[in-house]
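J.: Positions annotated as domain 'Yippee' by Swiss-Prot, on the basis of sequence analysis: 19-116. Marked as Zn(2+) binding site by Swiss-Prot on the basis of sequence analysis: 23, 26, 79, 82.
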């Protein structure tokens, strides 16, 4: 008989000397401030930030959505620790002016907090 166990998820920890953003629900690290591209985005629940890279985030399947800036293929992203949906990842932009978003991540402000080194 084989005993089934839940796979252990290992969290990434960002350097404590940098300003960072964490999940508001469980405090898992999400991104360094240095990876912030823009604060001028709109999520489904309000303001959102665009990041170049994130950690401790899982990705759902991509789907086409008509967003404020046109049609994009996006995948919902979620905190790997508490499984809260945080925003989405831009998989593909169909308009040339939006190509810079490909591979980037949107995290809604309602799901993250500033952590460490903010004065």
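Note that Cβ sites are derived from N, Cα and C of the backbone, with glycine treated the same way.
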J.: Can you count the other CB atoms that lie within 10 A of the CB of residue 82 (Zn(2+) binding site)?
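T.: Result for residue 82 (Zn(2+) binding site): 15 neighbouring Cβ atoms inside 10 Å.
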J.: Are there any residues in the same chain, six or more apart in sequence, whose C-beta is under 8 angstroms from the C-beta of residue 23 (Zn(2+) binding site), and if so which?
T.: 30, 56, 79, 81, 82, 84, 86, 111, 112, 113
J.: DSSP says what for the domain 'Yippee' (19-116): how many helix, strand, coil residues?
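T.: Per DSSP, the residues of the domain 'Yippee' (19-116) fall into 12 helix, 60 strand, 26 coil.
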J.: When the number of other CB atoms within 10 A of each residue's CB is tallied over all shown chains, which of the binding-site residues 26, 79 has the maximum?
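T.: Neighbour-count leader: 79.
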J.: Same chain, not part of 23, 26, 79, 82: whose C-beta falls within 8 angstroms of the C-beta centre of the Zn(2+) site? Give them in sequence order.
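T.: For the Zn(2+) site the neighbour list reads 24, 25, 27, 28, 56, 80, 81, 83, 84.
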